[in-house]
């Protein structure tokens, strides 16, 4: 059984699983494991690893439209080098600070491969706390999209794909830039702004294409994506040979930890104004039987399968 | 740097780390990693593994005197066998149900060794919710013990040590019993009862002896332990050859996930009545310069070092 089928099986058994994070009594909780072989290419600093691992969980909190409260991490390695550990913790502390959350520690474990397990918690804002623009209401799940709404994304895409190419290049300047690209800002502020405006939302850890298929399945809709509209990170231009590769890296590679959401036409302007990372319309929600398309052709449900 | 020194270093840098769990805005959060080589002997069922891994985190919530709310887990293995995964989840669901918490899912990851990372959250009860007996107040840390108070423990000790011997024995009936012993009940109800009565508390994952040294350091006190008073699990009698080995397994082995706490004399009776797992006085809090002793002799700060 592959990881995807296994996840689907889990979601069927556990009523609160299957979204980016679970919501229990207004508290959002989500957990992830990243490890060296599959997630941290040679050249990834421990500072970047701490930032990115904790950031991945904070991104899931963001995808629910929740405030991020705190994060913890397990740091497992063959040995504990004090410098490595300090760097990792500094990265974890800094990514939490970037989204007004607090890194509160965790656990250490001896393992044959550098492995991190991170958990973030957040809180869903009460109806009573909603602001005048309607933001900050409840959790945003994957299942609320309706045909006719705008399909939107935050930020710029292909960042992690470009970083991987730079890690492979291996020069000092390429590694510096790759580490910088790997340290994304979790879209907590944007997720908060989208709560109350977006009807469905998720983060893009598996790539835009796969995310659209997952949103389509959860909401019972289709999507018409316009490839030209997808905001591509400038670093992609330095590593992609042509337009096709550019779209491949931006739409299929994944791990960009941006938000993908659906917004009713009438709320689009205010949602756009409220998102610090930028919110771009990349398509339209369609009926389920129209499927998920890009420029009118079927969009393959294909991404990078992460270990 | 060994794991213990590394943990101490972490606690120095992170103000909310260093106790059994961190407390942020009334929410308690704690995380742990367990893996096959060091934590699940051959013969451990996946049901037991799910129960025990999630239980370890719930035990940390209990040690803060908090209510347990929810738990998540990462399940990582070389392959995903549907039966194994279902069993693991069933164990996780059942241990959560045993303490009125909810298992809400988690993540899957491919790894070279069966590895779990679990996180539990809980909530510290407000002052306003305290009951007439004073239970349910705030979080109980490791640092509040004072000389003259009673040193107490919940439950029976040596359970996991006995289980390990039975796993080694390897017969079907021994394995059944070992699995049963491995599935401890996290002492959440006892921890709740002790909140407001205990001045310091922790769980015993590193064993009684090591726990006492940690409590002594955090509270700036000493302890006089009476070996005869330690409640030993009946399974220990089946695997220990003599009285010395009996005490060794009960006091040094660890992983029993019982609570160790200090209670002022005047609150001892009501604390005892309120603990469903039983609360036994095993010694007295002393001045720091008297050290940690057992029957008048120094108690070595020695336990089983878990990977």
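Just so it is clear, glycine is given a Cβ too, placed from its N, Cα and C backbone atoms.
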(request) Figure out which of A:203, A:206, A:228, A:237 sits with A:20, A:60 in the Mg(2+) 3 site per TrEMBL. (result) A:203
(request) Under 8 Å, Cβ to Cβ, against chain B: pull out the ones among the binding-site residues A:30, A:60, A:203 that qualify, in sequence order. (result) A:30
(request) Restricting attention to the domain 'PurM-like C-terminal' (A:147-292), give the mean pLDDT. (result) 96
(message) With every protein chain in view, what's the tally of Cβ atoms within 10 Å of the Cβ of residue A:31 (Mg(2+) 1 binding site), excluding that atom itself?
(response) 28
(message) List the residues in the vicinity of the Mg(2+) 3 site, defined as same-chain residues other than A:20, A:60, A:203 with C-beta within 8 angstroms of the site's C-beta centre.
(response) A:19, A:21, A:30, A:59, A:61, A:62, A:63, A:64, A:202, A:205
(request) Whole-number Å only: compute the distance from the Cα of residue A:107 (Mg(2+) 1 binding site) to the Cα of residue A:30 (Mg(2+) 4 binding site). (result) 17
(request) Compute the C-alpha separation of residue A:203 (Mg(2+) 3 binding site) from residue A:30 (Mg(2+) 4 binding site), stating it in Å without decimals. (result) 12
